[in-house]
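See structure below.
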Amino acid sequence: MTQLSRERYAALYGPTTGDRIRLADTDLLIEITEDRSGGPGLAGDEAVFGGGKVLRESMGQSRVTRADGAPDTVITGAVILDYWGIIKADIGIRDGRITAIGKAGNPDIMTGVHPGLVVGPSTEIIAGNGRIVTAGAIDCHVHLICPQIMAEALGGGITTIVAGGTGPAEGSKATTVTPGAWHLARMLEALDTWPLNIALLGKGNTVSAEAMWEQLRGGAAGFKLHEDWGTTPAAIDACLTVCDAAGVQANIHTDTLNEAGFVEHTLAAIKGRSIHAYHTEGAGGGHAPDIITVAGHPNVLPSSTNPTRPHTVNTLDEHLDMLMVCHHLNPSVPEDLAFAESRIRPSTIAAEDLLHDIGAISMIGSDAQAMGRIGEVVMRTWQTAHVMKRRRGFLPGDTKADNARAKRYVAKYTICPAVAHGLDGEIGSVEVGKLADLVLWEPAFFGVRPHAVVKGGMIAWAAMGDANASIPTPQPVLPRPMFGAAPAAAAATSVHFVAPQAIEDGLADRIAVNRKLVAVGNVRGVGKAQMPLNDATPDIEVDPDTFTVRIDGEVWQEQPATELPMAQRYFLF
(Lines of atoms letter the chains of each structure in order from A and count residues from 1; the text may use other names and numbers.)
(Lines give C-alpha, C1' and ligand atoms only; values in the text may rest on other atoms or scores of the structure.)
Protein backbone atom coordinates (compact mmCIF):
# COMPACT_ATOMS: atom_id res chain seq x y z
CA MET A 1 0.00 0.00 0.00
CA THR A 2 1.25 3.47 -0.91
CA GLN A 3 2.17 5.52 2.14
CA LEU A 4 2.44 9.29 2.58
CA SER A 5 4.42 11.03 5.27
CA ARG A 6 2.52 13.59 7.34
CA GLU A 7 4.62 16.31 5.77
CA ARG A 8 3.77 15.17 2.25
CA TYR A 9 0.09 14.71 3.09
CA ALA A 10 -0.08 18.23 4.53
CA ALA A 11 1.54 19.65 1.39
CA LEU A 12 -1.03 17.91 -0.83
CA TYR A 13 -4.22 18.20 1.18
CA GLY A 14 -3.49 20.33 4.21
CA PRO A 15 -2.80 19.18 7.78
CA THR A 16 -4.89 16.39 9.30
CA THR A 17 -5.77 14.81 12.65
CA GLY A 18 -2.94 15.16 15.16
CA ASP A 19 -1.10 17.85 13.22
CA ARG A 20 -0.38 21.13 14.95
CA ILE A 21 -0.49 24.59 13.39
CA ARG A 22 1.23 27.71 14.65
CA LEU A 23 -0.95 30.82 14.63
CA ALA A 24 0.97 33.60 12.85
CA ASP A 25 4.24 34.29 14.71
CA THR A 26 2.76 33.71 18.16
CA ASP A 27 3.65 30.97 20.64
CA LEU A 28 0.16 29.52 20.15
CA LEU A 29 -0.38 26.12 18.53
CA ILE A 30 -3.67 24.46 17.64
CA GLU A 31 -4.07 20.72 17.07
CA ILE A 32 -6.62 19.18 14.70
CA THR A 33 -8.72 16.71 16.69
CA GLU A 34 -10.78 15.28 13.82
CA ASP A 35 -10.63 15.21 10.00
CA ARG A 36 -14.02 14.77 8.36
CA SER A 37 -12.72 15.49 4.85
CA GLY A 38 -9.87 12.96 4.66
CA GLY A 39 -6.91 11.92 6.74
CA PRO A 40 -6.83 8.68 8.74
CA GLY A 41 -9.63 6.40 7.53
CA LEU A 42 -10.72 8.65 4.67
CA ALA A 43 -7.42 9.23 2.84
CA GLY A 44 -7.57 8.85 -0.92
CA ASP A 45 -10.93 10.48 -1.58
CA GLU A 46 -10.18 14.06 -0.60
CA ALA A 47 -12.16 16.66 -2.52
CA VAL A 48 -9.51 18.77 -4.24
CA PHE A 49 -10.03 21.08 -7.21
CA GLY A 50 -7.57 21.69 -10.05
CA GLY A 51 -6.02 20.31 -13.18
CA GLY A 52 -5.65 16.54 -12.92
CA LYS A 53 -7.34 16.55 -9.53
CA VAL A 54 -10.49 15.10 -8.01
CA LEU A 55 -13.37 17.52 -8.52
CA ARG A 56 -13.98 16.84 -12.20
CA GLU A 57 -17.03 15.58 -14.09
CA SER A 58 -17.95 11.97 -13.22
CA MET A 59 -15.11 11.90 -10.70
CA GLY A 60 -15.47 14.08 -7.61
CA GLN A 61 -18.21 16.09 -9.32
CA SER A 62 -21.56 14.33 -9.57
CA ARG A 63 -24.55 14.93 -11.83
CA VAL A 64 -26.71 16.28 -8.98
CA THR A 65 -28.40 19.56 -9.87
CA ARG A 66 -28.97 22.52 -7.62
CA ALA A 67 -32.67 21.70 -7.63
CA ASP A 68 -31.78 18.28 -6.24
CA GLY A 69 -29.72 19.79 -3.42
CA ALA A 70 -26.19 20.45 -4.66
CA PRO A 71 -24.49 23.21 -2.65
CA ASP A 72 -23.72 26.56 -4.24
CA THR A 73 -20.21 26.56 -2.79
CA VAL A 74 -17.91 24.11 -1.04
CA ILE A 75 -14.86 25.19 0.95
CA THR A 76 -12.57 22.17 0.77
CA GLY A 77 -10.35 20.78 3.50
CA ALA A 78 -10.39 23.77 5.85
CA VAL A 79 -9.27 23.71 9.47
CA ILE A 80 -12.23 25.09 11.41
CA LEU A 81 -11.29 26.99 14.58
CA ASP A 82 -14.41 27.69 16.60
CA TYR A 83 -15.58 27.67 20.19
CA TRP A 84 -16.98 24.14 19.78
CA GLY A 85 -13.84 22.54 18.41
CA ILE A 86 -10.85 22.46 16.08
CA ILE A 87 -11.46 20.09 13.20
CA LYS A 88 -10.79 19.75 9.48
CA ALA A 89 -13.76 19.48 7.12
CA ASP A 90 -15.36 20.51 3.87
CA ILE A 91 -17.99 23.23 4.35
CA GLY A 92 -21.11 23.42 2.21
CA ILE A 93 -22.89 26.72 1.52
CA ARG A 94 -26.30 27.15 -0.06
CA ASP A 95 -28.48 30.27 -0.28
CA GLY A 96 -25.85 32.12 1.73
CA ARG A 97 -25.97 29.77 4.72
CA ILE A 98 -23.84 26.94 6.02
CA THR A 99 -25.65 23.74 5.10
CA ALA A 100 -23.14 20.99 5.91
CA ILE A 101 -19.80 20.31 7.58
CA GLY A 102 -18.23 17.00 6.62
CA LYS A 103 -16.89 15.30 3.49
CA ALA A 104 -17.62 16.61 -0.01
CA GLY A 105 -17.55 14.75 -3.29
CA ASN A 106 -19.53 12.35 -5.46
CA PRO A 107 -21.34 9.54 -3.62
CA ASP A 108 -21.61 7.56 -6.86
CA ILE A 109 -17.92 6.71 -6.61
CA MET A 110 -16.92 7.82 -3.08
CA THR A 111 -17.82 6.57 0.37
CA GLY A 112 -18.64 8.80 3.32
CA VAL A 113 -19.86 11.80 1.32
CA HIS A 114 -22.18 14.02 3.39
CA PRO A 115 -25.65 14.32 1.78
CA GLY A 116 -25.35 18.10 1.93
CA LEU A 117 -21.93 18.13 0.28
CA VAL A 118 -22.64 16.36 -3.01
CA VAL A 119 -20.68 18.45 -5.51
CA GLY A 120 -22.58 19.13 -8.73
CA PRO A 121 -22.31 21.25 -11.87
CA SER A 122 -23.76 24.23 -9.97
CA THR A 123 -21.12 24.09 -7.23
CA GLU A 124 -18.26 26.59 -6.88
CA ILE A 125 -15.10 25.58 -5.01
CA ILE A 126 -13.03 27.65 -2.59
CA ALA A 127 -9.80 25.89 -1.61
CA GLY A 128 -9.51 25.81 2.15
CA ASN A 129 -6.73 23.21 2.14
CA GLY A 130 -3.91 24.37 4.38
CA ARG A 131 -5.98 27.31 5.59
CA ILE A 132 -7.86 28.11 8.80
CA VAL A 133 -11.53 29.10 8.78
CA THR A 134 -13.16 31.08 11.57
CA ALA A 135 -16.59 32.63 11.90
CA GLY A 136 -16.73 36.25 10.83
CA ALA A 137 -15.78 38.48 13.73
CA ILE A 138 -18.39 40.56 15.55
CA ASP A 139 -17.21 43.97 16.72
CA CYS A 140 -19.56 44.69 19.60
CA HIS A 141 -18.47 48.32 20.16
CA VAL A 142 -18.30 50.53 17.07
CA HIS A 143 -18.64 54.30 16.76
CA LEU A 144 -20.03 55.19 13.34
CA ILE A 145 -17.85 58.24 12.78
CA CYS A 146 -16.82 57.74 9.15
CA PRO A 147 -17.90 55.22 6.49
CA GLN A 148 -14.31 54.24 5.75
CA ILE A 149 -14.27 52.12 8.92
CA MET A 150 -16.42 49.56 7.12
CA ALA A 151 -13.61 48.68 4.73
CA GLU A 152 -11.15 48.52 7.61
CA ALA A 153 -13.51 46.19 9.45
CA LEU A 154 -13.77 43.79 6.52
CA GLY A 155 -10.00 43.91 6.09
CA GLY A 156 -9.65 42.73 9.68
CA GLY A 157 -12.08 39.83 9.34
CA ILE A 158 -15.14 41.54 10.82
CA THR A 159 -18.52 40.76 9.24
CA THR A 160 -20.90 42.19 11.88
CA ILE A 161 -20.90 45.38 13.92
CA VAL A 162 -22.93 46.43 16.95
CA ALA A 163 -22.68 50.16 16.52
CA GLY A 164 -24.01 53.64 17.06
CA GLY A 165 -23.45 57.06 15.60
CA THR A 166 -24.39 59.40 12.78
CA GLY A 167 -20.97 60.51 11.52
CA PRO A 168 -18.38 62.95 12.89
CA ALA A 169 -20.82 64.65 15.26
CA GLU A 170 -19.61 65.23 18.81
CA GLY A 171 -22.21 62.85 20.22
CA SER A 172 -21.08 60.06 17.90
CA LYS A 173 -17.38 60.67 18.44
CA ALA A 174 -17.89 60.16 22.16
CA THR A 175 -20.81 57.73 22.45
CA THR A 176 -21.97 54.64 20.57
CA VAL A 177 -25.46 56.04 20.00
CA THR A 178 -27.71 56.59 16.99
CA PRO A 179 -30.36 58.75 18.69
CA GLY A 180 -33.96 58.79 17.56
CA ALA A 181 -36.02 57.23 14.80
CA TRP A 182 -34.97 59.70 12.09
CA HIS A 183 -31.25 59.11 12.58
CA LEU A 184 -31.79 55.36 12.88
CA ALA A 185 -33.63 55.28 9.55
CA ARG A 186 -31.01 57.33 7.74
CA MET A 187 -28.14 55.24 9.13
CA LEU A 188 -29.83 51.95 8.24
CA GLU A 189 -30.19 53.32 4.71
CA ALA A 190 -26.58 54.53 4.60
CA LEU A 191 -25.24 51.17 5.75
CA ASP A 192 -27.42 49.10 3.41
CA THR A 193 -24.76 48.73 0.71
CA TRP A 194 -21.91 47.48 2.90
CA PRO A 195 -21.32 43.71 3.22
CA LEU A 196 -21.60 43.67 6.99
CA ASN A 197 -24.46 42.82 9.31
CA ILE A 198 -25.54 45.86 11.32
CA ALA A 199 -27.11 46.26 14.76
CA LEU A 200 -27.63 49.88 15.79
CA LEU A 201 -27.89 51.13 19.37
CA GLY A 202 -30.35 53.83 20.37
CA LYS A 203 -29.92 56.28 23.24
CA GLY A 204 -30.83 54.74 26.58
CA ASN A 205 -29.99 57.79 28.69
CA THR A 206 -33.53 58.88 29.50
CA VAL A 207 -36.24 58.20 32.03
CA SER A 208 -38.83 58.49 29.25
CA ALA A 209 -40.02 55.01 28.32
CA GLU A 210 -41.78 56.28 25.19
CA ALA A 211 -38.55 57.90 23.95
CA MET A 212 -36.97 54.44 24.02
CA TRP A 213 -39.94 52.60 22.55
CA GLU A 214 -40.01 54.93 19.55
CA GLN A 215 -36.33 54.16 18.95
CA LEU A 216 -37.04 50.42 19.05
CA ARG A 217 -39.84 50.88 16.53
CA GLY A 218 -37.42 53.00 14.49
CA GLY A 219 -34.77 50.31 14.09
CA ALA A 220 -32.64 50.17 17.23
CA ALA A 221 -31.46 46.68 18.16
CA GLY A 222 -30.72 47.72 21.75
CA PHE A 223 -29.56 50.69 23.78
CA LYS A 224 -26.39 52.41 24.92
CA LEU A 225 -26.10 54.09 28.31
CA HIS A 226 -23.12 56.46 28.19
CA GLU A 227 -21.80 58.73 30.91
CA ASP A 228 -21.45 61.64 28.49
CA TRP A 229 -25.27 61.60 28.22
CA GLY A 230 -25.70 61.00 31.97
CA THR A 231 -25.69 57.40 33.16
CA THR A 232 -27.58 57.96 36.40
CA PRO A 233 -29.20 55.20 38.48
CA ALA A 234 -32.61 56.44 37.36
CA ALA A 235 -31.63 56.26 33.68
CA ILE A 236 -30.13 52.78 34.14
CA ASP A 237 -33.29 51.47 35.77
CA ALA A 238 -35.58 53.08 33.19
CA CYS A 239 -33.54 51.72 30.28
CA LEU A 240 -33.39 48.19 31.66
CA THR A 241 -37.12 48.25 32.37
CA VAL A 242 -37.79 48.91 28.67
CA CYS A 243 -35.15 46.35 27.67
CA ASP A 244 -36.87 43.73 29.83
CA ALA A 245 -40.19 44.43 28.15
CA ALA A 246 -38.70 44.47 24.64
CA GLY A 247 -36.19 41.61 25.06
CA VAL A 248 -33.18 43.65 23.88
CA GLN A 249 -29.76 44.35 25.36
CA ALA A 250 -28.47 47.46 27.15
CA ASN A 251 -24.81 48.40 26.88
CA ILE A 252 -23.35 50.57 29.59
CA HIS A 253 -20.45 53.00 29.95
CA THR A 254 -20.64 54.03 33.59
CA ASP A 255 -19.92 57.21 35.52
CA THR A 256 -16.14 57.72 35.67
CA LEU A 257 -16.42 60.72 38.00
CA ASN A 258 -18.77 58.89 40.38
CA GLU A 259 -21.01 61.96 40.33
CA ALA A 260 -24.31 60.08 40.45
CA GLY A 261 -23.00 57.21 42.53
CA PHE A 262 -20.28 54.60 42.78
CA VAL A 263 -20.04 51.16 41.23
CA GLU A 264 -22.18 49.77 44.06
CA HIS A 265 -24.97 52.22 43.19
CA THR A 266 -24.82 51.26 39.52
CA LEU A 267 -25.06 47.57 40.40
CA ALA A 268 -27.99 48.34 42.69
CA ALA A 269 -29.76 50.16 39.84
CA ILE A 270 -29.13 47.22 37.50
CA LYS A 271 -30.91 44.96 40.03
CA GLY A 272 -29.36 41.73 38.80
CA ARG A 273 -30.60 42.21 35.24
CA SER A 274 -28.60 41.29 32.14
CA ILE A 275 -26.39 44.10 30.87
CA HIS A 276 -23.34 44.37 28.60
CA ALA A 277 -20.58 46.37 30.33
CA TYR A 278 -18.31 48.08 27.79
CA HIS A 279 -14.53 48.44 28.38
CA THR A 280 -14.87 46.82 31.78
CA GLU A 281 -11.29 47.58 32.77
CA GLY A 282 -12.02 51.31 32.88
CA ALA A 283 -9.50 53.08 30.65
CA GLY A 284 -12.29 53.55 28.14
CA GLY A 285 -14.52 54.91 30.90
CA GLY A 286 -16.46 53.80 33.93
CA HIS A 287 -16.43 54.13 37.71
CA ALA A 288 -12.88 54.97 38.82
CA PRO A 289 -11.03 53.00 40.00
CA ASP A 290 -13.08 49.84 40.47
CA ILE A 291 -15.43 49.36 37.51
CA ILE A 292 -13.42 46.21 36.73
CA THR A 293 -15.11 44.49 39.69
CA VAL A 294 -18.33 44.09 37.68
CA ALA A 295 -16.60 41.27 35.76
CA GLY A 296 -17.23 39.08 38.80
CA HIS A 297 -21.02 39.44 38.72
CA PRO A 298 -23.17 36.72 37.12
CA ASN A 299 -25.58 39.12 35.38
CA VAL A 300 -22.92 41.38 33.85
CA LEU A 301 -21.56 40.54 30.38
CA PRO A 302 -18.15 42.23 30.36
CA SER A 303 -16.12 43.25 27.33
CA SER A 304 -12.83 44.97 26.61
CA THR A 305 -11.93 47.41 23.89
CA ASN A 306 -8.75 46.77 21.99
CA PRO A 307 -6.47 49.74 22.84
CA THR A 308 -5.67 48.18 26.24
CA ARG A 309 -5.12 44.72 24.69
CA PRO A 310 -2.64 43.49 25.75
CA HIS A 311 -0.85 45.50 28.44
CA THR A 312 2.45 46.75 26.98
CA VAL A 313 5.09 49.33 27.82
CA ASN A 314 3.39 51.73 25.38
CA THR A 315 -0.23 51.32 26.47
CA LEU A 316 -0.37 54.12 29.03
CA ASP A 317 1.42 56.72 26.94
CA GLU A 318 -1.02 56.63 24.04
CA HIS A 319 -4.17 56.65 26.15
CA LEU A 320 -4.13 60.17 27.57
CA ASP A 321 -4.22 61.99 24.24
CA MET A 322 -6.78 59.53 22.87
CA LEU A 323 -9.08 60.16 25.79
CA MET A 324 -8.86 63.94 25.57
CA VAL A 325 -9.91 63.88 21.92
CA CYS A 326 -12.63 61.27 22.22
CA HIS A 327 -14.51 62.92 25.06
CA HIS A 328 -14.20 66.53 23.94
CA LEU A 329 -11.94 67.48 26.84
CA ASN A 330 -9.75 70.55 27.09
CA PRO A 331 -6.15 69.88 28.21
CA SER A 332 -5.90 73.46 29.52
CA VAL A 333 -8.69 72.80 32.03
CA PRO A 334 -7.26 71.08 35.14
CA GLU A 335 -10.52 69.30 35.88
CA ASP A 336 -10.62 67.82 32.36
CA LEU A 337 -7.03 66.63 32.69
CA ALA A 338 -7.74 65.07 36.08
CA PHE A 339 -10.78 63.33 34.62
CA ALA A 340 -8.62 61.80 31.89
CA GLU A 341 -5.82 60.73 34.22
CA SER A 342 -8.23 59.05 36.63
CA ARG A 343 -9.21 56.56 33.94
CA ILE A 344 -5.75 55.29 33.03
CA ARG A 345 -4.49 52.80 35.62
CA PRO A 346 -1.72 50.30 34.83
CA SER A 347 -2.85 47.91 37.58
CA THR A 348 -6.34 47.43 36.16
CA ILE A 349 -5.06 47.20 32.58
CA ALA A 350 -2.67 44.47 33.70
CA ALA A 351 -5.45 42.64 35.54
CA GLU A 352 -7.53 42.76 32.37
CA ASP A 353 -5.02 40.38 30.74
CA LEU A 354 -5.55 37.74 33.42
CA LEU A 355 -9.32 38.17 33.49
CA HIS A 356 -9.41 37.41 29.78
CA ASP A 357 -7.24 34.34 30.18
CA ILE A 358 -9.42 32.81 32.89
CA GLY A 359 -12.59 33.61 30.95
CA ALA A 360 -13.90 36.33 33.28
CA ILE A 361 -14.03 39.06 30.62
CA SER A 362 -16.08 37.53 27.86
CA MET A 363 -15.78 39.78 24.81
CA ILE A 364 -13.46 42.11 22.92
CA GLY A 365 -14.57 44.99 20.67
CA SER A 366 -12.80 47.94 19.12
CA ASP A 367 -14.35 51.24 20.29
CA ALA A 368 -13.60 52.26 16.70
CA GLN A 369 -12.14 55.76 16.31
CA ALA A 370 -13.15 56.52 19.89
CA MET A 371 -10.06 55.05 21.59
CA GLY A 372 -9.90 51.88 19.50
CA ARG A 373 -8.99 50.51 16.09
CA ILE A 374 -11.63 48.55 14.19
CA GLY A 375 -9.14 46.65 12.06
CA GLU A 376 -7.30 45.27 15.09
CA VAL A 377 -10.01 43.42 17.03
CA VAL A 378 -8.86 39.97 15.96
CA MET A 379 -5.16 40.78 16.11
CA ARG A 380 -5.27 42.29 19.63
CA THR A 381 -7.24 39.30 20.87
CA TRP A 382 -4.56 36.84 19.79
CA GLN A 383 -1.74 39.09 21.00
CA THR A 384 -3.37 38.91 24.43
CA ALA A 385 -3.56 35.12 24.20
CA HIS A 386 0.13 34.97 23.26
CA VAL A 387 1.19 37.20 26.16
CA MET A 388 -0.79 35.06 28.59
CA LYS A 389 0.69 31.84 27.16
CA ARG A 390 4.18 33.19 27.78
CA ARG A 391 3.35 34.29 31.29
CA ARG A 392 1.05 31.49 32.47
CA GLY A 393 1.88 28.51 30.27
CA PHE A 394 -0.76 26.06 29.08
CA LEU A 395 -4.33 26.30 30.30
CA PRO A 396 -5.76 23.26 32.11
CA GLY A 397 -6.40 20.50 29.60
CA ASP A 398 -3.73 21.67 27.16
CA THR A 399 -0.39 19.88 26.89
CA LYS A 400 1.10 19.89 23.39
CA ALA A 401 -1.19 22.52 21.87
CA ASP A 402 -3.30 25.47 22.98
CA ASN A 403 -6.75 24.28 21.93
CA ALA A 404 -8.48 25.31 25.15
CA ARG A 405 -6.99 28.80 25.01
CA ALA A 406 -7.65 29.16 21.26
CA LYS A 407 -11.31 28.20 21.63
CA ARG A 408 -11.73 30.60 24.56
CA TYR A 409 -10.20 33.53 22.71
CA VAL A 410 -11.95 33.00 19.37
CA ALA A 411 -15.25 32.94 21.29
CA LYS A 412 -14.58 36.48 22.57
CA TYR A 413 -15.24 38.03 19.16
CA THR A 414 -17.64 35.45 17.68
CA ILE A 415 -20.17 33.47 19.72
CA CYS A 416 -20.04 35.49 22.96
CA PRO A 417 -21.06 38.86 21.46
CA ALA A 418 -23.60 37.03 19.30
CA VAL A 419 -25.23 35.52 22.38
CA ALA A 420 -25.00 38.78 24.34
CA HIS A 421 -26.92 40.70 21.67
CA GLY A 422 -29.39 38.06 20.52
CA LEU A 423 -27.67 37.48 17.18
CA ASP A 424 -26.62 33.85 17.69
CA GLY A 425 -29.56 32.43 15.76
CA GLU A 426 -28.00 33.91 12.61
CA ILE A 427 -24.26 34.37 13.19
CA GLY A 428 -21.40 33.88 15.63
CA SER A 429 -20.09 30.40 14.80
CA VAL A 430 -19.28 27.93 12.04
CA GLU A 431 -22.44 25.88 12.44
CA VAL A 432 -25.09 24.52 10.10
CA GLY A 433 -28.00 26.90 9.55
CA LYS A 434 -26.10 30.11 10.20
CA LEU A 435 -25.15 32.75 7.66
CA ALA A 436 -22.00 31.78 5.78
CA ASP A 437 -19.97 34.63 7.27
CA LEU A 438 -16.55 32.99 7.20
CA VAL A 439 -12.95 34.16 7.21
CA LEU A 440 -10.14 32.17 5.59
CA TRP A 441 -6.63 32.68 6.95
CA GLU A 442 -3.22 31.52 5.81
CA PRO A 443 -1.71 30.20 9.08
CA ALA A 444 1.32 32.49 8.77
CA PHE A 445 -1.00 35.50 8.55
CA PHE A 446 -3.65 34.28 10.99
CA GLY A 447 -5.29 37.17 12.81
CA VAL A 448 -3.26 39.69 10.85
CA ARG A 449 -4.73 39.82 7.35
CA PRO A 450 -7.40 37.47 5.98
CA HIS A 451 -6.87 35.47 2.83
CA ALA A 452 -10.56 35.95 2.04
CA VAL A 453 -13.73 37.11 3.78
CA VAL A 454 -16.88 35.26 2.75
CA LYS A 455 -20.04 37.23 3.51
CA GLY A 456 -23.33 35.40 3.22
CA GLY A 457 -21.77 32.92 0.81
CA MET A 458 -19.97 35.42 -1.46
CA ILE A 459 -16.34 36.49 -1.30
CA ALA A 460 -16.59 40.13 -0.26
CA TRP A 461 -12.95 40.90 0.56
CA ALA A 462 -9.70 39.15 -0.33
CA ALA A 463 -5.96 39.45 -0.68
CA MET A 464 -5.55 40.19 -4.38
CA GLY A 465 -2.67 41.10 -6.64
CA ASP A 466 -2.42 43.58 -9.49
CA ALA A 467 -5.73 43.63 -11.38
CA ASN A 468 -3.87 44.20 -14.67
CA ALA A 469 -1.61 41.21 -14.16
CA SER A 470 -1.88 37.93 -16.06
CA ILE A 471 -2.62 35.95 -12.86
CA PRO A 472 -4.12 36.96 -9.47
CA THR A 473 -0.91 36.85 -7.43
CA PRO A 474 1.61 39.49 -8.68
CA GLN A 475 2.57 42.20 -6.23
CA PRO A 476 1.33 44.35 -4.76
CA VAL A 477 -1.02 41.88 -3.07
CA LEU A 478 -3.43 44.03 -1.09
CA PRO A 479 -6.73 43.54 0.73
CA ARG A 480 -9.34 44.56 -1.82
CA PRO A 481 -13.14 44.57 -2.14
CA MET A 482 -14.52 41.73 -4.26
CA PHE A 483 -17.84 41.21 -6.06
CA GLY A 484 -19.56 40.35 -2.78
CA ALA A 485 -18.93 43.95 -1.74
CA ALA A 486 -20.92 45.38 -4.66
CA PRO A 487 -23.97 47.23 -3.26
CA ALA A 488 -26.72 44.90 -4.51
CA ALA A 489 -24.77 41.78 -3.53
CA ALA A 490 -23.96 43.24 -0.11
CA ALA A 491 -27.63 43.89 0.58
CA ALA A 492 -28.54 40.37 -0.54
CA THR A 493 -25.96 38.69 1.69
CA SER A 494 -26.21 40.82 4.85
CA VAL A 495 -28.91 41.71 7.36
CA HIS A 496 -29.93 44.58 9.60
CA PHE A 497 -30.63 43.38 13.13
CA VAL A 498 -33.49 45.31 14.73
CA ALA A 499 -35.83 44.95 17.69
CA PRO A 500 -38.89 42.76 17.08
CA GLN A 501 -41.04 45.84 17.61
CA ALA A 502 -39.58 47.45 14.47
CA ILE A 503 -40.65 44.54 12.30
CA GLU A 504 -44.09 44.44 13.89
CA ASP A 505 -44.44 48.18 13.27
CA GLY A 506 -43.64 47.84 9.54
CA LEU A 507 -40.22 49.52 9.52
CA ALA A 508 -39.23 47.72 6.30
CA ASP A 509 -41.95 49.61 4.44
CA ARG A 510 -40.84 53.00 5.78
CA ILE A 511 -37.13 52.97 4.97
CA ALA A 512 -35.22 52.61 1.71
CA VAL A 513 -33.24 49.45 2.34
CA ASN A 514 -32.87 46.34 0.21
CA ARG A 515 -31.57 43.95 2.82
CA LYS A 516 -33.60 41.79 5.16
CA LEU A 517 -34.50 43.05 8.63
CA VAL A 518 -33.99 40.34 11.26
CA ALA A 519 -35.31 40.55 14.81
CA VAL A 520 -32.79 40.09 17.60
CA GLY A 521 -33.46 37.21 19.96
CA ASN A 522 -34.61 37.81 23.52
CA VAL A 523 -31.50 38.29 25.68
CA ARG A 524 -33.05 39.16 29.01
CA GLY A 525 -32.20 35.74 30.42
CA VAL A 526 -28.60 35.87 29.21
CA GLY A 527 -25.98 36.06 31.95
CA LYS A 528 -22.33 35.22 32.33
CA ALA A 529 -23.19 31.51 32.46
CA GLN A 530 -24.32 31.75 28.83
CA MET A 531 -20.95 33.07 27.61
CA PRO A 532 -19.29 29.96 26.06
CA LEU A 533 -15.86 29.27 27.60
CA ASN A 534 -15.91 32.77 29.13
CA ASP A 535 -18.21 32.34 32.12
CA ALA A 536 -15.89 32.79 35.11
CA THR A 537 -17.07 34.98 38.01
CA PRO A 538 -14.03 35.53 40.24
CA ASP A 539 -13.99 37.78 43.28
CA ILE A 540 -12.31 41.04 42.19
CA GLU A 541 -11.14 43.78 44.57
CA VAL A 542 -9.46 47.12 43.82
CA ASP A 543 -7.66 49.04 46.55
CA PRO A 544 -9.09 52.60 46.37
CA ASP A 545 -5.75 54.21 47.27
CA THR A 546 -3.12 52.11 45.47
CA PHE A 547 -5.39 50.65 42.73
CA THR A 548 -3.90 47.23 43.46
CA VAL A 549 -6.12 44.52 41.99
CA ARG A 550 -6.80 41.23 43.75
CA ILE A 551 -8.44 38.39 41.84
CA ASP A 552 -9.74 35.67 44.15
CA GLY A 553 -7.48 37.15 46.83
CA GLU A 554 -4.28 37.08 44.76
CA VAL A 555 -2.47 40.23 43.60
CA TRP A 556 -1.79 40.21 39.86
CA GLN A 557 1.56 41.90 39.29
CA GLU A 558 2.10 44.28 36.40
CA GLN A 559 4.47 42.90 33.76
CA PRO A 560 3.83 44.97 30.63
CA ALA A 561 4.96 43.25 27.45
CA THR A 562 7.98 44.72 25.70
CA GLU A 563 7.55 42.78 22.46
CA LEU A 564 4.51 41.42 20.63
CA PRO A 565 3.88 39.07 17.73
CA MET A 566 1.64 40.04 14.81
CA ALA A 567 3.29 43.46 14.74
CA GLN A 568 6.22 44.96 12.82
CA ARG A 569 7.08 41.64 11.21
CA TYR A 570 3.89 42.15 9.17
CA PHE A 571 3.51 45.92 8.86
CA LEU A 572 5.64 48.76 7.57
CA PHE A 573 4.00 51.28 9.90
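Positions of Cβ are set from backbone N, Cα and C atoms, glycine also.
What Swiss-Prot lists as active site, proton donor is His327. Taken from Swiss-Prot, the feature Ni(2+) 1 binding site applies to His141, His143, Lys224, Asp367. Feature annotation from Swiss-Prot assigns Ni(2+) 2 binding site to Lys224, His253, His279; the stated evidence is sequence analysis. Residues or ranges marked as substrate binding site in Swiss-Prot: His226. Marked as domain 'Urease' by Swiss-Prot: 136-573.
On the structure: features taken from Swiss-Prot.
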residue: His141; record: Ni(2+) 1 binding site; DSSP class: strand
residue: Lys224; record: Ni(2+) 1 binding site; DSSP class: strand
residue: His253; record: Ni(2+) 2 binding site; DSSP class: strand
residue: His279; record: Ni(2+) 2 binding site; DSSP class: coil
residue: Asp367; record: Ni(2+) 1 binding site; DSSP class: coil
Exercise. Taking only the Cα atoms, work out how far His279 (Ni(2+) 2 binding site) lies from His143 (Ni(2+) 1 binding site), in Å, as a whole number.
Key: 14
Quiz item: Given the Ni(2+) 2 site residues Lys224, His253, His279, which other residues of that chain have a Cβ within 8 Å of the mean position of their Cβ atoms, reported in sequence order?
Solution: His141, Thr175, Thr176, Leu225, His226, Glu227, Asn251, Ile252, Thr254, Ala277, Tyr278, Gly284, Gly285, Gly286
Practice problem: List, in sequence order, the residues of the same chain other than His141, His143, Lys224, Asp367 whose Cβ lies within 8 Å of the centroid of the Cβ atoms of the recorded Ni(2+) 1 site. | Solution: Val142, Ala163, Gly164, Thr175, Thr176, Asn251, His253, Tyr278, Thr305, Gly365, Ser366, Ala368, Ala370, Gly372
Exercise. Sequence order is fine: just name those binding-site residues in His141, His143, Lys224 with a Cα within 10 angstroms of His253 (Ni(2+) 2 binding site).
Key: Lys224
Quiz item: Non-local Cβ contacts of His143 (Ni(2+) 1 binding site) (under 8 Å, 6 or more apart, same chain)?
Solution: Ala163, Gly164, Gly165, Ser172, Lys173, Thr175, Thr176, Asp367, Ala368, Gln369, Ala370
Self-check item: Alpha-carbon distance [His141 (Ni(2+) 1 binding site); His226 (substrate binding site)] in Å
Solution: 12
Self-check item: Local Cβ density at His141 (Ni(2+) 1 binding site) - other Cβ atoms counted within 10 Å
Solution: 33
Quiz prompt | Fewest-neighbour residue among binding-site residues, criterion Cβ within 10 Å, set Lys224, His279 | solution = His279
Practice problem: Would you count the other CB atoms within 10 A of the CB of Asp367 (Ni(2+) 1 binding site), including those on all shown protein chains? | Solution: 30
